[in-house]
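For reference, the structure discussed in these notes is given below.
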Amino acid sequence: MKTIVIKCGGSVLDELSPAFFEALHSLIDDGYKPVIVHGGGPAINAMLDLYKIESKFHNGLRITSEETMEVVEMVLSGKTNRQLVGLLEKNGLNAIGINGSDGKCLLADYINKDQLGLVGRVTMVNSFLIQKMIDENLVPVITPIASAKDGFRLNINADYAAAAVAKALNADRCLFVTNVDGILVDGELVKETSVTEIQNYIEAGHIYGGMIPKVESAISVLNKGIEQVMIVSGKNAFYQNGEWAGTAISDKERILK
């Protein structure tokens, strides 16, 4: 069995196309088992604004007070998770939404309670629970919320949550769904690259603007012990007839397939 962990950022949920869901069907037809971890940053920011709660960040992580955490969980569990599960079902896929804190799916420790509040790093993934859902031919859709030992729920960076799930499941690949086809250099799609090459591309100005945080997120996942990640588009078919579309990134100089 080949497991694929797919990280969908909150900013791309409204842009997922029929071709994206067709690619998921193709994956399943070819024996892959997808597991989705999603974010919800834009929707969280909008809801915090509505409640007049300031959005604060430290080193890219959302500073999460108890008040902020209530909004984070409300949006991730009650809105974006429902939205994504609904889209999957609408497109003929059997999906099940789960809060990362449910059934001890994700356990975490505080990163720095004084600086960040209710923000954690995943220490354990209940791979047995996720595998049971996979065995029932369901697509698990997981929020990046984890349980702490003290009973509090912690906000987890969705990239890191996806990496932890991928590592625990020994996933074949970890995909980052974005609004672009992959890494473009001089207008051409780069199909395979390495961390070293990406750093060279950035220094040379070939990778710039909004692409930089996308590749930095991918590299951060590689640093968590995942051998290969892919940047793919949510607007197009990223997998078709056994062929992948997007950019594969490895922490090795040569990507092994």
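Glycine residues also receive a Cβ, built from the backbone N, Cα and C atoms like all the rest.
These features come from TrEMBL:
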{"type": "BINDING", "residues": "G40, G41, R62, N155", "note": "substrate binding site"}
{"type": "DOMAIN", "residues": "2-233", "note": "domain 'Aspartate/glutamate/uridylate kinase'"}
{"type": "SITE", "residues": "K7", "note": "site 'Transition state stabilizer'"}
{"type": "SITE", "residues": "K214", "note": "site 'Transition state stabilizer'"}
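Structure coloured by features recorded in TrEMBL.
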residue : record                             : Cβ contacts under 8 Å, 6 or more apart
K7      : site 'Transition state stabilizer' : I36, V37, H38, G39, A158, D159, A162, C174, L175, F176, V177
G40     : substrate binding site             : G10, L13, V72, V75, L76, K79, T80, T143
G41     : substrate binding site             : G9, G10, S11
R62     : substrate binding site             : I44, S55, K56, T68, V72, V119, N155
K214    : site 'Transition state stabilizer' : F176, T178, V180, I231
Average pLDDT across the domain 'Aspartate/glutamate/uridylate kinase' (2-233), rounded to a whole number: 93
Other same-chain residues whose Cβ falls within 8 Å of the Cβ centroid of G40, G41, R62, N155, the recorded substrate site, in sequence order: G10, G39, I44, V72, V75, L76, P144, A158
Per DSSP, three-state class assigned to G40 (substrate binding site): coil
R62 (substrate binding site) -> DSSP, reduced to three states, gives strand
